[in-house]
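What follows is a set of notes on a single structure, which appears directly below.
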Amino acid sequence: MKTQMNYAKEGIFTKEMQIVAQKENLSKDFLLENIACGKIIIPANINHKSLDPNGIGFGLRTKVNVNLGVSNDCVDYSEEMKKVELAHKFGIEAIMDLSNYGKTSRFRDELVNVSKAMIGTVPVYDAVGFLEKDLKQINAKDFLDVVYHHAKSGVDFMTIHAGINSRAAHIFKQSKRLTNIVSRGGSVLYAWMMMKDAENPFFEYYDDLLDICLKYDVTLSLGDALRPGSTHDASDGAQISELIELSLLTQRAWDVGIQVMIEGPGHMAINEIEANMQLEKRLCKGAPFYVLGPLVIDIGAGYDHISGAIGGAVAAASGADMLCYVTPAEHLRLPNLEDVREGIVATKIAAHAGDIAKLPKERARDDEMSKARQEIDWEKMFKLAIDGEKAKKMFNERRPDDLNSCSMCGKMCAMNTMNQILKGEDVSLA
């Protein structure tokens, strides 16, 4: 099976590439060159028939991922499908099913069937439920069996924590972290490695993993099991040692034509973000970077979507290619629909802020909004806003008598005052 990367290396412009080129207003040659060298990816499993393809990487708009899925405390697949609908409403490009309880295949199959967004999973979450074995009973090849079933079902990308091998684990043991390993998948694999006194199965059988990805054109999202879970732990030896391992694994995947993106932090002080983005790009030769946040403080419980948006904006401006959304429920509970909405909007704001910095053409929509404000064209403002529905609702809650203003300024509206005086008209504030 040929992948998008293999086609690009042969100069073949696939239908998925054509769609991405049109969406991003990019040339055929630019896309082919950057997909061939791994700087742009188009996650597109051959079995995901409802997919509306999007590209991630160099020269493209920053994409946003929404996480959803059930846990053993909250098993309501109907609510999770409502989250999918909400993600589609806001034009989200990627959705990850992080279900970690029970038999998840039915929900995943439905998700692949209905979602036009690319779908990602973390197969290790599904191992216990799928295999009906406790963690210690699972053998190395069992994990690959789970990966195969996810790939066959149509998943476009998978988080695989192959970088936490015995070398990285040794460095982690020597670290003096406040929050140890905060990656769910990473903690499960580390526990398995310690209990079995064995190498990480995804690292040991990496070539077998690549064969599965090659068969279905699954993109590898190389997970950062040792990402910092606190600002104290950011940029430490454990995090960087794993990133070096991921850079080596990236090249091995590229050698056979597998598309790759790298997952990143996490929690990180704002002054460390830019350097971390540059380090990933340097070590991993420009592979797309997919970051969670980063959250710039650790005390924002209930408001972590704001902390994540601040970090995400800096990350995107500094080269991050996809942001994983963070909701107000982060660290507290499974998010509800309102949490998901707030997380989506906050992260889209962060992504767009980053795009204005690195892709100046992306300011066009903002310029249109500024013109609409100057012209006091409310309907156009609502249409251009990231969340126009909320903007219109708030406006109407205290609707002014004079629509040439809002209830904040009334007759003292600066826009209206300047519009009148520049036309040579008198201004009356009485």
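Residue numbers in this text run from 1 along the chain shown.
Using N, Cα and C of the backbone, Cβ positions are placed for all residues, glycine too.
When Swiss-Prot records M96, Y125, H161, S183, R184, G185, D224, A225, L226, R227, E263, Y290 as binding substrate, the matching candidate from N47, N54, N67, N336 it lists for that site is N67. Taking the centroid of the Cβ atoms of C406, C409, C413 as the [4Fe-4S] cluster site, the other same-chain residues with Cβ within 8 Å of it are P400, S405, S407, M408, G410, M412, A414, M415, N416. Of all the binding-site residues in the record (H267, C406, C409, C413), the one with the smallest CA separation from Y290 (substrate binding site) is H267. Ranking the binding-site residues H267, H331, C406, C413 by the distance of their Cα atoms from the Cα of Y125 (substrate binding site) places H331 first.
Comparing C-alpha positions, C406 ([4Fe-4S] cluster binding site) sits nearest to N67 among the binding-site residues N67, S183, R227, H267. With the fewest other Cβ atoms inside 10 Å of its Cβ, the least crowded of the binding-site residues A225, C406, C409, C413 in this structure is C409. Fewest other C-beta atoms within 10 angstroms, among the binding-site residues H267, H331, are seen around H331. Counted within 10 Å of its Cβ, the other Cβ atoms near G185 (substrate binding site) come to 23, all protein chains included.
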